[in-house]
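**Q** Supplied in structure tokens, the structure appears directly below.
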Amino acid sequence: MELPILKTNAITAILAAVTLCFASSQNITEEFYQSTCSAVSKGYLSALRTGWYTSVITIELSNIKENKCNGTDAKVKLIKQELDKYKSAVTELQLLMQSTPATNNRARRELPRFMNYTLNNTKNTNVTLSKKRKRRFLGFLLGVGSAIASGIAVSKVLHLEGEVNKIKSALLSTNKAVVSLSNGVSVLTSKVLDLKNYIDKQLLPIVNKQSCSISNIETVIEFQQKNNRLLEITREFSVNAGVTTPVSTYMLTNSELLSLINDMPITNDQKKLMSNNVQIVRQQSYSIMSIIKEEVLAYVVQLPLYGVIDTPCWKLHTSPLCTTNTKEGSNICLTRTDRGWYCDNAGSVSFFPLAETCKVQSNRVFCDTMNSLTLPSEVNLCNIDIFNPKYDCKIMTSKTDVSSSVITSLGAIVSCYGKTKCTASNKDRGIIKTFSNGCDYVSNKGVDTVSVGNTLYYVNKQEGKSLYVKGEPIINFYDPLVFPSDEFDASISQVNEKINQSLAFIRKSDELLHNVNAGKSTTNIMITTIIIVIIVILLSLIAVGLLLYCKARSTPVTLSKDQLSGINNIAFSN
């Protein structure tokens, strides 16, 4: 009767989980703002990493001194093969230890020699492998930045004299103990695998018998299973240069991880959050190779501490907003650059511009505050009024109207420009909407895909409520003649200031042009006046001359008596 009960309990648990997931997804809402071509997805709860919790994990190893068995039994051969793999793994870990950042000169001088086997050309091989791993580790370390700093600090302490023995002694009679290190830090240490006791007390006594006989295959299988964990841990550390993320089930099994979470100095709500989201915890955790010494392999597991939980979070999606003039090359564009995740945090807002660094599970958002910027709560005003005077909203500008789509939590924003064809489709009904030029939005209700040109986008099928907030596109408020282009990291006030500068320059140019034209007009008037005066003077002179001439012609000629007698005399003298 227990089996049906277990089935019923399992079904009940599954239904409860589905109900919880469905209920939480129902709380997701999304608002699209036509005026700024942006959408805000709300209803999420925070899980912000604010610190790290470090723990030391150990595996006890065996000092295999001698293998007397030379039998031909198939099971014995399998055991010997596993022992060879075991030896190679330990050698690999020894070499890897020399290139980890926690290793110092003292630790290198004390490199353990308790294994009676070597690699071919040990000296040259060690140097070559060590140099290669150093280069690889440095490259990996640049990628994780300061995230593993606390784990490295603990790992370095383990290289000091007596630290490994201190841990080993604490774990003699238990698999878990709190150990105070020499730097004053207390860490929880756990022994997850005891290969020493198994190999020394169970395996080697069998294979070293003169008869070299193994009665059953179970012994081989058991050793393979135990050895496989060490081999996988070695492979992961080797491939990832001593630092791995996420933390695999070989580094920590699920039961070991849950036990470790339960021992963490955090609230019950935080423990519940981490226990219910083990995969996310693994993704945000690190395992760091530390030391192999005194027949002990020790590595550090660094788990996230979620110091801020259950505060509201929202995600901003943005897409280019352009004018839609028919003349090609005459359009201007504006895009909000403040897209990403936002979470309330102690009276301010933690902003995560790289949204992909946050992990979402149902309505829970797991983010690392190391990747965040702290902003005032007024940043929310940008969603409802981008021109608000309390917070200077961030934008970028261009004069290239590229068509694209942004998939949101509950739909898609579509920026469609030029001759690009943009559609929304249902897998059963085909195209159900064709977008006109401009910025638009479609919810995921009845929509499976969005097509922009030759690019196909699949919308999320999360449940929730969408709201379309209409408004005049703010790009229409700007004059293309004075709109600044290619401003990649600007704000509304900076763009407006550049526009005002352009307008002031135009006004100044107009004034200068007006002054030049006015000067030219004055000169023209003076020249015209002079010409007119000269013409008037010339005309006056001509008029006076004509008047005198006419007067002279109209006066009769009178001859005196003497002149007449002279004439007569002359006439008669001939």
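The backbone N, Cα and C atoms fix where each Cβ goes, glycine too.
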**Q** Check each of the ranges 337-372, 373-408, 445-480, 481-516 against Swiss-Prot and return the one annotated as coiled coil.
**A** 481-516
**Q** According to Swiss-Prot, coiled coil applies to one of these ranges: 76-96, 517-537, 538-558. Which one is it?
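**A** The range carrying the coiled coil annotation in Swiss-Prot is 76-96.
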**Q** Can you check which of 153-209, 210-266 Swiss-Prot lists as coiled coil?
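**A** Swiss-Prot lists coiled coil for residues 153-209.
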**Q** State the disulphide partner of C322 as given in Swiss-Prot, choosing from C313, C333.
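**A** Recorded partner, per Swiss-Prot: C333.
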**Q** How big is the gap, in Å, between the Cα of C393 (disulfide bond) and that of C333 (disulfide bond), rounded to a whole number?
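**A** Distance between the two Cα atoms comes out at 16 Å.
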**Q** Tell me which of the disulfide-bonded residues C322, C343, C367, C422 ends up closest to C382 (disulfide bond) in space, Cα to Cα.
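**A** Closest by Cα: C343.
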**Q** At the level of the C-alpha atoms, what whole-angstrom distance separates C313 (disulfide bond) and C333 (disulfide bond)?
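**A** About 29 Å separate the Cα atoms of these two residues.
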**Q** Cα within 10 Å of C343 (disulfide bond) is the criterion; apply it to the disulfide-bonded residues C322, C333, C358, C367, C416, C422 and give the hits in sequence order.
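**A** Final answer, ordered: C367.
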**Q** Please give me the CB contact count at 10 A for C422 (disulfide bond), counting all chains in the structure.
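**A** 24, counting other Cβ atoms within 10 Å of C422 (disulfide bond).
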